[in-house]
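Everything on this sheet refers to the single structure shown next.
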């Protein structure tokens, strides 16, 4: 995790202090006057506990920041779109093109039409609350990571107009909240995974202008949505 030294010290101090208070309280009661010790210890205990609680969201923020910074390192960014993606910040919610919810969890990555090249990374699958992954109209190459199937909150996956190759991962069938799946204008090969037919929320699927083969699923949501191939 990307903690600054100061934050790390505060976290360590808070939990060490709480541990000491819990295990040493009987001994302190015997040696010190109860009225004076309790009046001093209580505010310190409350301060330490409040610091620990305040820093809990930072743990999540930095875990997601690690994943996004890994993506940044895998991309070439000639226009400095990702310049604000500073790994030394407490969480990525202050980064441009990133949106978070009230709990400082990443919900949107908006990098469409940003002149980026490079490849996607498996770490994107760690963004548990991500709803929108927008990376369309770039020059992204490589394959679609299987780990994107872990994004259980994902509503929109827009990777169209890139140079992505390989197959469509069957793991995308686990995205039960997915509404928009646009993978058109890439270099994808192989069949359309039948697992996608199990996503009842799907409204738009566009896989046109690829090198796909095989049959198109006709069950589940594919019976009622416009499918471009």
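Yeah, the Cβs are placed from backbone N, Cα and C, and that goes for glycine too.
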- Pick from 6-23, 24-41: which stretch is listed in TrEMBL under transmembrane segment? 6-23
- Residue numbers, six or more beyond the limits of the domain 'Leucine-rich repeat-containing N-terminal plant-type' (62-101), whose CB comes under 8 Å of its CB atoms: 1-4, 7, 107-111, 114-121, 123-124, 126-127, 129, 132, 140
- Message: Please compute the mean pLDDT of the model over the domain 'Disease resistance R13L4/SHOC-2-like LRR' (109-207).
- Response: 97
- When DSSP states are grouped into helix, strand and coil, how many residues of the domain 'Disease resistance R13L4/SHOC-2-like LRR' (109-207) land in each? 20 helix, 26 strand, 53 coil
